[in-house]
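Written below as structure tokens is the structure these notes are about.
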Amino acid sequence: MINQKKIAGEKACEWIKDGMVVGLGTGSTVYYTIEKLGEMVNNGLHITGVATSEETSKQAQNLGIPLKSLNDVAEIDITIDGADEIDTDFQGIKGGGGALLREKMVASASLKNIWVVSEEKLVRNLGKFPLPIEVIPFGWKQIERTLEKEHIQTILRRQSSGEIYVTNNGNYILDIVNQTFRDAEMWQEKLAQIPGIVEHGLFLHYVDIIVCAKANGEIELIKK
């Protein structure tokens, strides 16, 4: 069986050159990118990674990839990350893995952003996948009520154990469901006006190259 995630994840490593500062995303596809980069580092490649989550940091450290914090780099040459959905306007939803805030901060500091996906992630309109919003625990119910007044349904993210999911930053995540985000700019503005929302999973002006793996194993490169 063809592993589309592995194919896409490893393909993106072709953009990595010696001496680069590389943003390391979070998720099941970029997992394979990091595994491949670990091999390349062990074979002599010199890079510095900037991890977008504790999970990614642990994986990179186990593979021997040198890391620095975002505070300790002036800029990032390339960030490779996954996405939950991408539309035809290069707008995306990210944050299914809970790392949206750090992912967006790292993406903002990057000269180039590459997203690695399997073909089902390419959609006409955003919204089949829930839109995560990271909120501070204090008063999160007020945020939920504010959105309810706008007829926006949210679900508080929980772990499989039933406990509330807590991000690496100590926050909660509300997932917006049953919405289509055709006017993503409007949604971005709306969410930015609600106190207590730390960040949202709309990534509207970030990605430069999409590495998309097809079911037959072929790779499609989609560039802005």
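Glycine is no exception: its Cβ is also placed from the backbone N, Cα and C atoms.
Under a cutoff of 8 A between CB atoms, and with a sequence separation of 6+ in the same chain, the neighbours of Glu103 (active site, proton acceptor) are Gly25, Thr26, Thr52, Ser53, Asp81, Lys94, Gly95, Phe203. What Swiss-Prot records for Glu103 is active site, proton acceptor.
Sequence annotations record features per position, and here Swiss-Prot assigns substrate binding site to Thr26, Gly27, Ser28, Thr29, Asp81, Gly82, Ala83, Asp84, Lys94, Gly95, Gly96, Gly97, Lys121 based on sequence analysis. A coil conformation is recorded for Gly96 (substrate binding site) in the three-state DSSP classification, outside any helix or strand. With a cut-off of 8 Å between CB atoms and residues at least 6 apart in sequence, the same chain places Gly27, Asp84, Phe129, Pro130, Pro132 near Gly96 (substrate binding site), listed in sequence order.
Residues Gly25, Val30 surround the recorded substrate site, their Cβ atoms falling within 8 Å of the Cβ centroid of Thr26, Gly27, Ser28, Thr29, Asp81, Gly82, Ala83, Asp84, Lys94, Gly95, Gly96, Gly97, Lys121, which are themselves excluded.
Neighbour counts of Cβ atoms within 10 Å were compared across the binding-site residues Lys94, Lys121; the minimum falls on Lys121. Counting other Cβ atoms within 10 Å of each Cβ, the lowest count among the binding-site residues Thr26, Ser28, Asp81, Ala83 belongs to Ser28.
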